[in-house]
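To keep things clear, I will list the structure first and then write my remarks on it.
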Amino acid sequence: MPEDSSSLDYAMEKASGPHFSGLRFDGLLSSSPPNSSVVSSLRSAVSSSSPSSSDPEAPKQPFIIGVSGGTASGKTTVCDMIIQQLHDHRVVLVNQDSFYRGLTSEELQRVQEYNFDHPDAFDTEQLLHCAETLKSGQPYQVPIYDFKTHQRRSDTFRQVNASDVIILEGILVFHDSRVRNLMNMKIFVDTDADVRLARRIRRDTVERGRDVNSVLEQYAKFVKPAFDDFVLPSKKYADVIIPRGGDNHVAVDLITQHIHTKLGQHDLCKIYPNVYVIQSTFQIRGMHTLIREKDISKHDFVFYSDRLIRLVVEHGLGHLPFTEKQVVTPTGAVYTGVDFCKKLCGVSIIRSGESMENALRACCKGIKIGKILIHRDGDNGKQLIYEKLPHDISERHVLLLDPVLATGNSANQAIELLIQKGVPEAHIIFLNLISAPEGIHCVCKRFPALKIVTSEIDQCLNQEFRVIPGLGEFGDRYFGTDEEDQ
């Protein structure tokens, strides 16, 4: 039911601090391994889950936030605070109350006995259609529910346009898994039951003209049982739990900071938190422009590719574990810093991956580098021809090197080999210059603990499975073998 957005006395509430139960953005997609032999299905997955990844004209996918909690818990207040702090982005609020079913004549005669807090009271199918439409970047006409007549207004709607952030608010927005899986972040507002009851009494008596006895009777008969049976169990799906609702300014600040970060990321980074794209600058875009130019000289292609590769390697090293270390400076003062992970090696996927070895050696003196050769054309890129890896690779963190992630088939074969050799999946960091969305889906859905570090995510794969816009055959251009073929 609609809640009072104003603050109340929280003297009876002693809970403090936000509780983070883990940000699970990977829940948006299934974690089951994809069929890597059918690249066309991967392309379909990309187009359906992330339209802006493969179509430059498609609208940018919005960031969907679900806000749930008991009646009068402060959900609306939290939503208003988030909207205010995201003032530089377009934000729309869709309230689940708008999707109440209109009551039949029989139900209207016994409206005092109607349970408005039961899942059946809502038109979940229309709410799902609304969320899917807004997620696709299209506008939607949200119905307006009249709580006096308990019917939807047939003559007026609220037009909701595509926005950067969409907030779905309601007591049961987490109840249906189809709606829940559309959300990028799920927030549960947890407020003491006595506080919620006091708010509800004030709201229903002041705003809806009801007497206190009828409010208490409805609360005991419907609201409290529905909370215990449906609302409270959905708390387990929340990514973030906020005690004290709108009074918890620290929690709301942390949430909005996280949303700001996600809004600045590629859509695939919102889906897969283990994908890292180095921050784009004019320098990086300029180097990408140079190496993608088909008429660039081999010398310039190698020079600017090496510069970009060095940046990717440096960024990848930043994801390795570090330990605190203190050193004495020439001035005699003590400096507290960090020490690099000692157990580290590189593995290049021959032959394009060998182009990244010089940058890795320049960053990590004396590093061991293994090699894997996979026949890309035969057996759908899954034929292992050669491998030479450090004998103690299972004890090391591995930087897997391949400048272009296209279908992901060769990468999956290489990663499977490393895991067979005893390397923990979480110890593998896959470094590349450019990535296709199809390849990211293929690798991340199969190996969710692995990290991918890239300098740019391109649009898609074409019918020949080449990355578009891409940069051609990287190995041939880097080593000059394309000139020999001409």
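Counting begins at 1 with the first residue displayed.
Keep in mind that glycine also has a Cβ here, set from the backbone N, Cα and C atoms.
The transit peptide annotation in Swiss-Prot covers 1-47 and is backed by sequence analysis. Taken from Swiss-Prot, the feature region 'Disordered' applies to 31-67. What Swiss-Prot lists as compositional bias 'Low complexity' is 31-54. Positions annotated as region 'Uridine kinase' by Swiss-Prot: 59-264. Taken from Swiss-Prot, the feature region 'Uracil phosphoribosyltransferase' covers 274-486. According to Swiss-Prot, the feature GTP binding site maps to LYS298, ARG307, CYS341, LYS342, LYS343, LEU344, ARG396, an assignment based on similarity to another entry. Sequence annotations record features per position, and here Swiss-Prot assigns 5-phospho-alpha-D-ribose 1-diphosphate binding site to ARG351, ARG376, ASP402, THR407, GLY408, ASN409, SER410, GLU473 based on similarity to another entry.
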Original post:
Taking each of the binding-site residues LYS298, LYS342, ARG351, ARG396 in turn and counting other Cβ atoms within 10 Å of its Cβ, which one has the fewest?
Top reply: LYS342
Original post:
In the structure shown, which of the binding-site residues ASP402, GLU473 has the fewest other Cβ atoms within 10 Å?
Top reply: GLU473
Original post:
Of the binding-site residues listed here (LYS298, LYS343, LEU344, ARG396), which is spatially closest to ARG351 (5-phospho-alpha-D-ribose 1-diphosphate binding site) when Cα positions are compared?
Top reply: LYS298
**OP:** Could you round the CA separation between CYS341 (GTP binding site) and ASP402 (5-phospho-alpha-D-ribose 1-diphosphate binding site) to a whole angstrom and send it over?
**Re:** 22
Subject >> Fewest other Cβ within 10 angstroms of its own Cβ, chosen from the binding-site residues CYS341, LEU344 >> reply: CYS341
Subject >> Distance from ARG307 (GTP binding site) back to GLY408 (5-phospho-alpha-D-ribose 1-diphosphate binding site), taken between C-alpha atoms, in Å >> reply: 24
**OP:** Would you kindly give the Cα-Cα distance separating LYS298 (GTP binding site) and ASN409 (5-phospho-alpha-D-ribose 1-diphosphate binding site), rounded to the nearest Å?
**Re:** 28
Subject >> Cα-to-Cα gap, ARG396 (GTP binding site) vs SER410 (5-phospho-alpha-D-ribose 1-diphosphate binding site), nearest whole Å >> reply: 22
**OP:** Between the Cα atoms of LEU344 (GTP binding site) and ASP402 (5-phospho-alpha-D-ribose 1-diphosphate binding site), find the distance and write it as a whole number of Å.
**Re:** 17
Original post:
To which of the binding-site residues ASN409, SER410 does the lowest count of other Cβ atoms within 10 Å belong?
Top reply: ASN409
